[in-house]
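**Student:** If you scroll down you'll find the structure; I have some questions about it.
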C-alpha cells in the first residue's frame with residue numbers, strides 16, 4: 001500500500017490531469033477543399049467562382065469522435081484580427097457563390113473555427129488554413145497521378161488512390177447530384193491532427209460519392 005504522502009500526490013496529479021484532458025472540445029480537423037467548377041455547376045444563378053480552376057478552401061472543421069463540432073461558445077468573428085491576411089484569403093478562401101468573402105470567413109469562424117479556439121485564436125486559425133492550402137495542393141497531386149479535371153467521369157477508387165499515393169493518408173470525397181442526375185465531385189477532405197499541421201488518415205467510409213463521378 002502506498003504511503004499517505006504518495007496517495008495525496010497521486011490524487012493531486014489525477015485532479016490536475018482530468019480537466020486538461022476534457023478542456024479541448026475537439027480531437028482533430030477536417031480540412032475541406034472545394035472544386036469551383038462543380039460547386040458552380042450546382043448553382044442555377046450567379047456563381048462568381050465559375051471560372052476558377054484550382055481547389056479553394058471551404059473550411060477547417062474541428063472534429064470530436066468523428067463528428068463536426070459547431071457553434072461553440074467563444075470569441076465572435078472580428079475581421080480586424082485577420083485584415084493582414086486578406087490578400088491571401090481572397091485567393092485561397094473565396095466565397096465562390098456571391099463573392100462576399102468576409103461574410104464567408106465570418107460564417108466559417110463562428111460555426112466551426114470558434115470550436116478550436118482552445119488551441120487557435122482567430123488569426124492563428126486562418127493562418128493555419130492558408131498554410132494547409134499551400135501544403136496540400138490537391139490539383140498538383142492528382143495531375144502527377146494522371147487524374148486531370150476535364151469534366152469527364154472518374155472512378156472514385158482512382159481518385160482516392162491518387163491522393164493516398166501522394167499524401168500517404170486517406171481522404172474523404174464528397175459529392176452532390178446535379179439537377180440532370182450527374183454526380184459531381186465537389187469537395188475533397190484531408191484530415192489534420194489537432195496541431196493544425198500533421199496529416200492523419202480520414203475514415204474512407206465517410207465519403208458519400210458513388211463509384212464514379214464527374215471531375
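Note: Cβ is positioned from N, Cα and C throughout, glycine not excepted.
This is the feature table in TrEMBL:
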- 58: active site (ACT_SITE)
- 108: active site (ACT_SITE)
- 112: active site (ACT_SITE)
- 1-23: signal peptide (SIGNAL)
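Have a look at these and tell me how they're positioned relative to everything else.
**Tutor:** Residue 58 (active site): 22 other CB atoms within 10 A of its CB, across all protein chains.
Neighbour density for residue 108 (active site): within 10 A of its CB lie 23 other CB atoms from the protein chains shown.
Sequence-distant contacts of residue 112 (active site), defined by Cβ-Cβ distance under 8 angstroms and a gap of at least six in the same chain, are 59, 60, 61, 62, 68, 70.
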